[in-house]
Amino acid sequence: MGNQIKSVMLLTAMTAFLLIVGQLIGGRAGMTFALIMAVGMNFFSYWYSDKIVLKMYRAKEVNPGQALELYGIVQRLSSNAGLPMPKVYIIPQQAPNAFATGRNPDHAVVAVTEGLLNLMNREELAGVLAHELAHVKNRDILIGTIAATMAGAVMFLASMAKWGAIFGGFGGNDDDSPLGFAGMLIMAILAPIGAALIQMTISRTREYQADATGAQIAGNPKGLANALAKLGAYSGRIPMDAEPATAHMFIVNPLSGKSLATLFSTHPPLEERIARLTGARPQSGGAPSGPERTARNAEDSAKDFWDSLK
């Protein structure tokens, strides 16, 4: 119920924001355009935003005959979580990453990249998939897909502000825009930052919650902790062709290494996430090397984690 209220609040806030920006850019004509745009975006956000995101990344649905191990892990973890079996998609990119989308647990999708399947062992893959199913269980997925669509709308308005500054606003008359030429250029610069802030308002805490819930679904935190360590090591080496508006949907930031993306990161630090899973203190020199931990330390860390959940 809490996340349903958040979804309504997000839709309301974004509608108001689009109307204000439209009015500032193009006066009455701009506000009318923004109103039409907001109504359309609200409708499509609920019914089609998941399909748009999947199409954006050219993700392909797979069945047990095409990806038996992947499908089997998702099936087992879904049963552990008490969730309906989601659809399973593979993204044709070598950068290791994953996300979940959909409007509710009955219409959920889990998508992983080819790079993730190549990089992770079975336990680590289960940890990643459990994290994504945790987003489904916690009903984060609708908020995430709405935020992606709305952030894209803000980016579109930024582009309109830029061209409006060049050609004189929506109606071709400088008087239509309360901002004027300089103001519209400023809007074109600030709107992408606004898009990043929208993603951040989804709250980084949902990643911590998904990590904890995912560890419970998987049965232990070790697989996810090791997977996050690997993702941290490889995310900078293999760039992902990702849209900034969807960055918050992935298990790790797909825009790693880009200074502006880091400044407005939609994810908490990986070393902190790993530390919470393992019960260790985050290392100041970087993410703990999870795969290099001894078996005894891993068992002790897992015990600390489960004790903290009691």
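Just so you know, glycine gets a Cβ as well, placed from its N, Cα and C.
Zn(2+) binding, as stated in Swiss-Prot, involves HIS131, HIS135; the candidate among GLU61, GLU69, GLU114, GLU207 given for that site is GLU207.
Those same-chain residues not listed among HIS131, HIS135, GLU207 yet with C-beta within 8 angstroms of the centroid of the Zn(2+) site C-beta atoms are ALA100, GLU132, ALA134, ASP140, ARG206, GLN209, ALA210, ASP211, THR213, GLY214, ILE251.
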